[in-house]
Amino acid sequence: MEHIRTPKVENVRMIDRRTPRKATVGTLYLSSTHTIFVENSEARKETWVLHSLVSNVERLPTNPSGSPVIIRCKNLIVYRLLIPQEKDSLDVVASLTRLSRPERYGELFCFSFNPNLDKELREKAWGFMDLKAEFNRMGIPSNLWHVTAANHEYRLCDTYPSELFVPKSASPAVIVGSAKFRSRGRLPVLSYFHRDTSASICRSSQPLSGFSARSSDDEQMLQAIMKSNPVSEFMYVVDTRPKLNAMANRAAGKGYENEDHYTNIKLQFIGIENIHVMRNSQQKLIDVGDMAAPSMADFLWGLENSGWLKHIKAVLDAGVFIAKAVAEDGVSVLVHCSDGWDRTAQACSVASVLLDPYYRTIKGLMVLIEKDWVSFGHKFSHRYAHLDGDPKEVSPVMDQFLECVWQLMQQFPCAFEFNERFLIQLHMLIYSCQYGNFIGNCQKERRDLKLQERTHSLWPHLWENRAEYTNPLYRTDHSQTQGVLRPLTTAYCFKFWKGMYGRAERSLSSQQSPADCLNAVREESQQLEEELTAHQEVPRETDAGQETCPAEGEENFRGEEEDQQVV
Amino acid sequence: MEFAELIKTPRVDGVILHRPFMPTVEGTLCLTGHHIILSSRQDNTEELWLLHANIDSIEKRFVGSLGTIIVKCKDLRVIQLDIPGMEECLNIASSVEALSTLDSVSLMYPFFYRPLFEVIEDGWQLFVPEEAFKDLESMTDEWRLSEVNKDFSVCPSYPSLLTVPKDIDDESLIKAASFRHGGRFPVLSYYHKKNGMVMMRAAQPLTGTNGRRCKEDEKLINATLCAGKRGYIIDTRTIAVAQQAKARGGGFEQEANYPQWRRIHKAIERSNILQESLIKLVEACNDQSHNMDRWLSKLEASNWQSHVKEILTTACLAAQCIDREGASVLVHGSEGTDSTLQVTSLAQIILDPACRTIRGFEALIEREWLQAGHPFQQRCAQSAYSNGKPRSEAPVFLLFLDCVWQILRQFPCSFQFSESFLIMLFEHTYASQFGTFLGNSVAERAKLQLSHKTVSLWSWVNRPQELERYLNPLYEANNLVIWPSVAPQSLLLWEGVFLRWNRSTKCLDEAYQEMVHIIEYNKELQNKVNSLRRQLAQLETEDSPLQTP
């Protein structure tokens, strides 16, 4: 509370850039967790903005009508306020700037967020996600793969989960030796097993090969992975970095596998750029979406200049390459980049979505994020700036994964159980720090923070609300929900994600969404089905004079505008 | 002339056909006066049945004695025919070239086509101006139907019947016509029932460099204003282009002479620029090797999307003046046969829910394009693959369809027709068995006796079994004005036309089928429930004497 210089400002105008003349007047409140704008209108519409979701606050020079303040959120929504007194605007900006940059974990919203669950329910909620069950679901043959205790208490690799799947044929010495030869001890372990071909996707960090170093343990580890796929004669090592970057790493004693030292591997570079390139690219893209009344040429030039779609294509191409190797050639793949927690996570999870229909369901996507991102030490706190820290660590890695899924949804409209809203909601929740799932940088850190005791889990909450996130075109017996997806990655197949980056242009609300129409129709059908069953039972009961009360047909075909926006 | 003279080799065996997304077919190639036909002579196999008129250009290649002809179509499809034998290949190529570039309209296929279906409703009689005027009369008595252009002498590109202000006599119309390019004096395009405002269209005034004026023209358009009200003149050209037009006798309305009108200039490009844009766009779409940067920069350089944005923006402006400002509008560019019609027709789609039905949209095309004198035959003579120097070809109508598609995509529940209806229209404007889009004006069509000698597209399309293919399952009639977003990020490339032959639409088609399925299932349930409800009600009334004695 000590950071709030002014808790309440009256006669603030909230400006919609599309209709600047029609600003809404209201009162601005600052709480310890939210900025709240309450309209003076009769509806008293409230807009809640979580402090941890604020990416920056900017004050423009005071003009005769007041002091403009722009609040930009990490989920790319922008609020434009006009505060009558300059002093108030200075206070609001100073308070928000501090409040939106917590210095300690304890300040994050998830530690004070209390959805009224008792202890038992909270524990049960954390148990909702069970990765052991997920590895079981994959049908991993126990004669070829097993869980090693090598990382018990994180002693082999502190950014990995404690339970790791490795080839059964790899001895403990090989496991330890391989970990020693990999950046930060992130040794090759199983990420996904493809039952149809017995090929697997493994992941690691780069080898510490430098110009000439080698490790027979690491070589044996790869051999063991290859051999775990009985029919295959070689395996791919996919280095997701541009070859030049990988070569540069050799000078630092890192690098990539020397094909002469490893038997039967094929090295493949994909060329996904590093986190710094991606951060800059996204900023340029956000600026494009933010332009006021751009011409078509401005827009297309900006889109090209941002390079964003090129990067999305690179990530998707990586996934396509891996999925093809695994599903069509039946060849196992080891994926790595430098540390193996950004590009590697992207490539593995995109490939998994392509390979396995389960990951295209609501539950499946949650499981995939938990597995490939949360458990394998994707640095959520750093990448999404949960705490005030090094801005060079921030990068939209997860954003790109979600966008790859969105691009796939454009090509395969019936293949996904969830809709665009689900992706946008996930994106917001990753940044917002409301739940404990995406706090910290690895499993060990989360354990040390006692997150399961002090915060709540997001997954059951999302699951309960799944009706909101359902794609009406999804059907489990549809051909698109079976087997492997083979997307086209020709340049023209990639689109600007308007739902994510085009939110400055909010006129969408007046437009119609076919998905919402269809959902309403489906809901109505369901009611009709119920009524039908009821009626069919009636003839037997007519004499009893029982009255059936049919639910009237759903009239509202538009997406309902929520009055209260809580973010 | 006999077509046989042009057909040097009527038949070749062992020809291999390559088409997008379909397996290659080997078969016999036949040339007729109007078609290239390839038949594999097996049942159930797809055959090629291509109108010569659909061919935009052809290329020949030879490897040894195997010749290959690449046929590029006006609907943007590219097919390849491998023809054994150099002579046969050369013969086929030169015959097709000759047959696809015949100059005489009366040799076109519509004059030879005999329908295999029974014409229930003659499309030629479907949208006559008298009928449209009856509708207008029911709303207002301020207008009359003038026969001043009965013999097309006042304005050769106008129809014989025109809706004009009641108080303006034919004498004045003739004088006003002499003051407008091509005699296209201001006529009624649309009456906005909600507030009585109107949209008129014309060609540019012939003010020339010395500022000519015409009292009758001024009186004519002032007659459409309510007392004390101002109107808007939307000139589809930039002020610079409009200024330049003065040197060639054209120009724009001077404020001094039209004090009750506010002039707004927009920047819709002229036809030759649009044609260039189409060629560049299709070239970009057809090169699958482009990396992302190159694709985006080619897309931008084609300027196609900019044209879409500019046209839609201008249409929104016209609609806004009418609906929001409560003002009447006059739209013109230079000739009044291209950009003017894009704007007036799109504004009506925004304002008038009737135009979003199939019948209403057909009527709109009849009124605002065919009868309004858009020179379809000139504009659609060649498409994106033409090698020759363009004469007056331009994708003016295709751009209009693209804009309609953009609105349809933003308001997927507001149109009775679906995207496939628009694509069908695009195809038929460039090559068709029907006479609807032949000729450049009502006068030309009358001279060609199209309504006697050819079948109307509408006669075919409006049959229930055909119509079914174009219905939008999401359609829910509404009476609202629909304001499309014209922000660049809201406007997409029309993949259904421009990427149609470059990527399979299987998954998208499946999604569409799924949507249809969901909606049909719902209707089925509704019917069942309704009939049960009725039965129940009946039972209750039958039972009631027993229950309530």
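Note: Cβ is positioned from N, Cα and C throughout, glycine not excepted.
What you are looking at is a predicted structure, and each value in this text was computed from that prediction instead of being measured.
Per TrEMBL, these features apply:
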- A:C337: active site, phosphocysteine intermediate (ACT_SITE)
- A:N274, A:I275, A:C337, A:S338, A:D339, A:G340, A:W341, A:D342, A:R343: substrate binding site (BINDING)
- A:532-543: compositional bias 'Basic and acidic residues' (COMPBIAS)
- A:125-501: domain 'Myotubularin phosphatase' (DOMAIN)
- A:521-567: region 'Disordered' (REGION)
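Contacts of A:N274 (substrate binding site) defined by a Cβ separation under 8 A and a same-chain sequence distance of 6+ are given as A:R241, A:N245, A:S338, in order along the sequence.
Mean per-residue pLDDT, taken over the domain 'Myotubularin phosphatase' (A:125-501), amounts to 96. Sequence-distant neighbours of A:D339 (substrate binding site) (same chain, 6+ apart, CB under 8 A from its CB) are A:S183, A:R184, A:R186, A:S205, A:Q206. In the three-state DSSP classification, A:D339 (substrate binding site) falls within coil. Other than the site residues A:N274, A:I275, A:C337, A:S338, A:D339, A:G340, A:W341, A:D342, A:R343, same-chain residues with C-beta atoms no more than 8 angstroms from the centre of those residues' C-beta atoms, the substrate site, are A:T240, A:R241, A:T344. When the recorded positions A:C337, A:W341 are compared by the number of other CB atoms within 10 angstroms of each CB, A:W341 has the fewest.
For A:R343 (substrate binding site), the number of other Cβ atoms no farther than 10 Å from its own Cβ, over all displayed protein chains, is 29. A straight line from the CA of A:C337 (active site, phosphocysteine intermediate) to the CA of A:R343 (substrate binding site) spans 6 Å. The maximum pairwise C-alpha distance among A:N274, A:I275, A:C337, A:S338, A:D339, A:G340, A:W341, A:D342, A:R343, the residues recorded as binding substrate, is 12 Å.
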